[in-house]
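Notes follow once the structure below has been shown.
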Amino acid sequence: MASLGTEPKHFIQHDTLPHALPPLESAIINRIQCRIVALDLRGHGETKVRNPEDLSAETMSKDVGNVVEALYGDLPPPIMLIGHSMGGAIAVHTAVANLVPSLLGLCMIDVVEGTAMDALNSMQNFLRSRPKTFKSLENAIEWRCEGAASPEGPKAIVEGIIEEEEEEDEDEEGGGSVNKRKKEDDTETKKEHLYTWRIELAKTEKYWDGWFRGLSNLFLSCPTPKLLLLAGVDRLDKDLTIGQMQGKFQMQVLPQCGHAVHEDAPDKVAEAVATFLIRHRFTEPIGGFQW
């Protein structure tokens, strides 16, 4: 999310399978006066909660509101919420629930209700196709780097979504020697299975529908200025097409990008966000940025 304190603050929220944010963050702050807060949603990064598998839209929206309150108390600065994919949906749910009272803008990156709902049908197959464990952090980064332009973003991502497997405790008295022998026998195997996913997304399926169903109308109902960035115009559904024709939000298509638009073209995304904020007089350009 982004905030404009005396400068706006941008609160940036990632997807369930987060993509690189650092290049986007630096590209934005090099163009406009703002501060950026990039959240680790529950089950990711350094965030620790009692129930990391509660990924309901309501819970995660409240998480965002709680972070804003913890950071700024009763007088938060002007804030723009920016979210990619599921993070974009959570930004919309947060805005609709009025959990950020100083909200001045909303940006969704490549998330549209119709396309997202269709994609959920193949989500379980995708999750089953992922490796269940990794031999090392480097092995996980290598897997994530396939198709990535730079390894730096995937490195930061992987460190936030996998963790070292914990060894089982010895529960029964006298079972120590047996377990010890078993551990010694399995030493080589365990060396090859040191890292696993922090959260089992397959178990959160009951929440997926709630992220995206009705999202287009929720987005359109938000009274703040809105920006929708898409990788392709074919992603627009009927409600958003009508809303765009009625001028209810600003839309920009970034061609030759995949779903991780902000990773494939961070400078173009930053330029779109910066121009949007300057046009609405929410902030000022810096560094000679021409909009």
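These residue numbers are counts, starting from 1, taken along the chain as shown.
Using N, Cα and C of the backbone, Cβ positions are placed for all residues, glycine too.
Residues annotated as active site in TrEMBL: Ser85 (among others).
Listed in sequence order, His84, Ser85, Gly88, Leu229, Leu230, Ala231, Arg235, His259, Ala260, Val261 are the same-chain residues six or more apart from Asp110 (active site) with CB atoms under 8 A from its CB. Taken from TrEMBL, the feature active site covers Asp110 (among others).
The annotation active site is assigned in TrEMBL to His259 (among others).
Residues or ranges marked as compositional bias 'Acidic residues' by TrEMBL: 162-174.
Feature annotation from TrEMBL assigns domain 'AB hydrolase-1' to 26-272.
The annotation region 'Disordered' is assigned in TrEMBL to 162-189.
Least packed by the Cβ count within 10 Å, out of the active-site residues Ser85, His259, is His259.
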